[in-house]
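Per TrEMBL, the features are as follows:
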- A:20-38: transmembrane segment (TRANSMEM)
- A:68-86: transmembrane segment (TRANSMEM)
- A:98-119: transmembrane segment (TRANSMEM)
- A:139-163: transmembrane segment (TRANSMEM)
- A:192-212: transmembrane segment (TRANSMEM)
- A:218-239: transmembrane segment (TRANSMEM)
- A:246-266: transmembrane segment (TRANSMEM)
- A:272-291: transmembrane segment (TRANSMEM)
Amino acid sequence: MMSFQTFMQHLVNGISLGSLYALIAIGYTMVYGILRLINFAHGDIFMLGTYFAFYAMTSFMLPWWAAFVIAIVLTCVFGMIIERTAYRPLRNSPKISVMISAIGVSFLIENLAIVLFGGRPKAFPIPPLFGNIINIGGVRIANIVFIIPVITIISLAILLYIINKTKIGMAMRAVSKDYQASMLMGIDVNHVISVTFGIGSVLAAIGGIMWAMRYPQLMPLMGIMPGLKCFIAAVVGGIGNIKGAVIGGFILGLSEILIVAFLPELSGYRDAFAFVFLILILLFMPGGLMGENIKEKV
Amino acid sequence: MKKHVAILLILVLMMSLFSVGCVKKVETAQEGEQGAQEDVIKIGVFEPLTGANAAGGELEVQGIKLANEKYPEVLGKKVELVIVDNKSDKVEAANAATRLVDKDNVSVVLGSWGSGFSIAAGQVLKEKQVPAIGTSATNPLVTKNNDYYYRVCFIDPFQGKVMANYAFNEVGAKKVALVIEKSNDYSVGLAKFFEEAFVALTGDENAIVSKVFYITGDQDFSAQLTNLKDSGAEAIFAPGNFTESALIMKQARELGIDLPILGGDTWETPDLLDIAKETAEGVVFSTFFDAKATFNENTTEFLEAYEKAYPGKEPAAVTALSYDAYVLAIDAIERAGSADPKAIRDAIAATKDFKGAAGIVNFDENGDAVKSAVIKTVKDGKFTFKTIVDPK
């Protein structure tokens with residue numbers, strides 16, 4: 001039988017993984033909420049964020065906080081460039097064209113990264129502040145495990161504030177309802193969408209950096225799985241719903257860990273489980289857990 | 001107008017997808033002129049140059065190129081290396097083998113890092129009747145029932161036994177936990193042979209107290225390791241890709257698991273040390289070669305060539321093995337007296353006491369090399385030689 005200590009350790013592990021999923025899923029779901037576009041390149045933007053931070057720290061010898069800020073800014077700019085070149089020209093095309101374009105962008109970034117950064121994994125230097133481990137009654141918790149949920153909650157709060165309380169947020173909500181009408185009302189739709197992508201990429205970069213500090217191994221294809229998992233988290237929470245994405249992320253992370261914890265012989269099927277979960281949600285609860293809030297969607 | 005731009009953009013993106021989707025020819029050492037085709041002998045190489053195993057593939061290509069510089073000609077003809085990327089993917093490995101045989105008409109194939117890729121390609125090569133010399137793939141299935149696959153390294157039953165002996169005699173462990181990379185033939189096989197040998201040594205049916213699994217590409221092992229912590233194991237045997245293994249070492253130490261961690265030959269890459277950092281300290285694994293364990297004069301020759309090409313660096317075991325694979329191929333072509341794949345196969349099969357840089361190679365009935373193993377550990381952030389274990 002599992003001891004209480006072991007169970008608590010599993011719980012901590014699950015919350016740690018879940019908050020990472022939540023953090024990345026927020027950006028995913030926000031872009032969808034406003035543009036009705038599943039940005040398949042989100043996981044790859046996430047990967048770029050980690051590489052930017054890596055090179056800022058190792059090649060330019062910047063202190064970690066400066067490196068993180070620069071990585072976030074660069075990723076933000078990069079996200080906007082992607083929107084400008086790959087999505088904006090398709091603004092009036094059917095949604096499916098934009099989605100295909102997103103898949104293309106995803107492959108393009110992945111393969112570009114293989115060429116530019118090389119296929120060999122890189123070790124992410126963890127600043128000592130985040131690397132320490134605390135022992136609470138036999139449950140071992142890395143500092144970063146506390147920091148990630150805090151950052152997730154802060155990001156969530158800031159995002160909700162921007163969307164609900166600011167002018168640009170109001171414009172985003174308007175665009176998400178009906179972008180043609182918004183245009184007629186004098187909203188600069190291109191600008192609003194650009195900002196949306198910028199914010200989405202900032203969230204991806206923050207998520208990427210946090211991920212890299214938990215799993216300090218960078219690879220050009222590292223964004224694929226987290227990207228897909230966070231897509232699942234977003235769907236579970238009700239895609240387009242930001243609070244739902246956070247809840248979805250925690251549910252997914254916790255259940256992944258607990259499945260392995262209680263059914264160790266199934267641990268090879270952990271990814272499969274996540275996708276079965278997606279299928280079940282789509283079959284029985286297509287709106288996701290918070291889908292009934294559809295009117296509040298941003 | 002906008003629509004045209006959009007369609008064009010989609011086309012470009014799709015094409016970029018396709019161009020990278022196909023097996024790509026990474027490099028050709030000497031581009032043969034169209035007319036000069038008959039004047040070269042082509043040796044195919046398939047290695048993971050991108051993906052999870054790229055570091056290993058790169059090290060092996062180093063060795064092959066080094067040997068090619070040293071022995072650029074055979075039977076008075078130039079040797080042309082055709083190197084293709086198998087992308088750390090089994091399907092791509094089979095594609096790569098098909099391509100080497102059908103399109104490039106190579107006489108013999110070398111590679112690959114990773115047993116799974118070698119097994120996948122082996123089926124193709126067997127059908128096409130082109131011989132292959134494995135570099136560092138250690139799973140028995142690579143050469144089993146395949147008269148066209150040989151290899152210059154020892155195999156997992158031997159390696160599993162060596163590590164089981166080490167765990168029992170040197171570590172003094174009576175109970176061991178296994179961490180298995182379920183989607184990796186190498187890891188599954190090695191863990192099984194370790195288990196058999198260890199159970200035989202201890203005489204205890206339940207000597208393996210815990211088995212936990214993960215799959216290639218996983219990054220979070222906290223749940224598996226937390227389970228393992230409670231199992232009462234005195235050592236951990238965790239063969240697998242160095243990429244995942246490095247994270248396992250890190251997360252195990254983070255969770256406060258301070259048991260000795262043992263593994264296999266795949267760990268010997270600088271990247272493992274980079275990623276696992278101080279958490280790799282003290283891990284022990286078996287491998288093929290160490291610069292400090294000179295087997296014969298060819299070891300010295302290899303070390304000198306390596307020092308010249310990569311001054312101040314220590315060669316990895318797989319670099320020495322891939323060097324051996326190339327030299328053995330040249331030697332077999334020489335003995336066969338032709339570039340005909342079947343003649344070369346027979347020559348490889350007839351190899352006796354081939355003096356490789358990484359030890360003397362004799363083949364058993366399956367085409368596996370019977371040779372010594374080296375045990376290494378990580379000390380002060382460096383791979384450090386421990387001892388040599390002879391076969392049987």
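In case you wondered, yes, glycine gets a Cβ from its N, Cα and C as well.
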Chain residues in Cβ proximity to the transmembrane segment (A:218-239) (below 8 Å; excluding those fewer than six residues from its ends, i.e. six or more beyond): 20-22, 24-25, 28-29, 32-33, 38, 40, 42-47, 50-51, 54, 110-111, 113-114, 117, 119, 121-124, 207-208, 211-212, 245-249, 251-252, 271, 274-275, 277-278, 281-282, 287-291, 293-294
Contact between the transmembrane segment (A:139-163) and the transmembrane segment (A:272-291) (at least 3 Cβ pairs under 8 Å, separation 6+): no
The transmembrane segment (A:20-38) versus listed stretches A:68-86, A:192-212, A:246-266, A:272-291: most Cβ pairs under 8 Å: A:192-212
Segment proximity, the transmembrane segment (A:192-212) to the transmembrane segment (A:68-86), 3 or more C-beta pairs under 8 Å: yes
Positions on the same chain near the transmembrane segment (A:246-266), where near means CB under 8 A and six or more residues out: 2, 7, 10-11, 13-26, 152, 156, 229-230, 232-238, 273-274, 277, 288-290
